[in-house]
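Engineer: As listed in Swiss-Prot for this protein:
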SIGNAL    1-26  signal peptide
REGION    32-51  region 'Disordered'
DISULFID  72-78  disulfide bond
DISULFID  101-111  disulfide bond
CARBOHYD  108  N-linked glycosylation site
């Protein structure tokens, strides 16, 4: 044992060789990684790194923002004309306190179920919006939003229990939507599209906050509860369970 130790002492060369041996055994070589990726072909990519979901939501929000600007020729008043949007008789998904996404009643399972089912409903609305825009660029953007929403659903679905895979629009809702989108009146058609895109924006913004809280974990929740309680004892963190 002493002779082996003394053999490594003469100068920095021995230390360098020892370090190289440790590094070589600690990390896999490039060949097996390539072989594994070729054989398994990463089927579902369900192991989403932390933060990837948040990046995806932000990207979708930015695409929707640009799409609405193009539809209104960058007229802010057009994008936020509430009195016009109020005339659209559609009840879009939204997150409320009972969905368990925010303090004080945080419930991850309930929240993820509501987020995923809401996204699936918005996906059906987006499918009806295909090829309903004035320009090819706008149609391309809404197709991109739909594709990214589908990917987001695929990412969240493995984490959700009791999800209804057969979600469909209610017949009355589907009829009302199609009537608005097939109107010769371009104003009503455009207003309906804006209404759906704004509803999706609001839903995604709340989803972003909820997912951010889940990924941050208890430090964020305790900070939130601490500031809300004004010095009172904060409850145990629901995200610990």
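Any Cβ shown, glycine's included, is placed from N, Cα and C.
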Engineer: For residue 101 (disulfide bond), just give me the three-state DSSP call.
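Structural biologist: DSSP assigns residue 101 (disulfide bond) to coil.
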Engineer: Excluding near sequence neighbours, so keeping only residues 6 or more apart in the same chain, what lies with its CB under 8 A of residue 78 (disulfide bond)?
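Structural biologist: Result: 71, 72, 194.
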Engineer: In sequence order, which same-chain residues at least six apart have a C-beta under 8 angstroms from residue 111 (disulfide bond)?
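Structural biologist: For residue 111 (disulfide bond), the qualifying residues are 99, 100, 101, 210, 214.
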Engineer: Let me know the most crowded of the disulfide-bonded residues, choosing from 72, 101 and counting other Cβ atoms within 10 Å.
Structural biologist: 101
Engineer: When a 10 Å sphere is centred on the Cβ of residue 108 (N-linked glycosylation site), how many other Cβ atoms does it contain?
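Structural biologist: Cβ-Cβ neighbours of residue 108 (N-linked glycosylation site) within 10 Å number 16.
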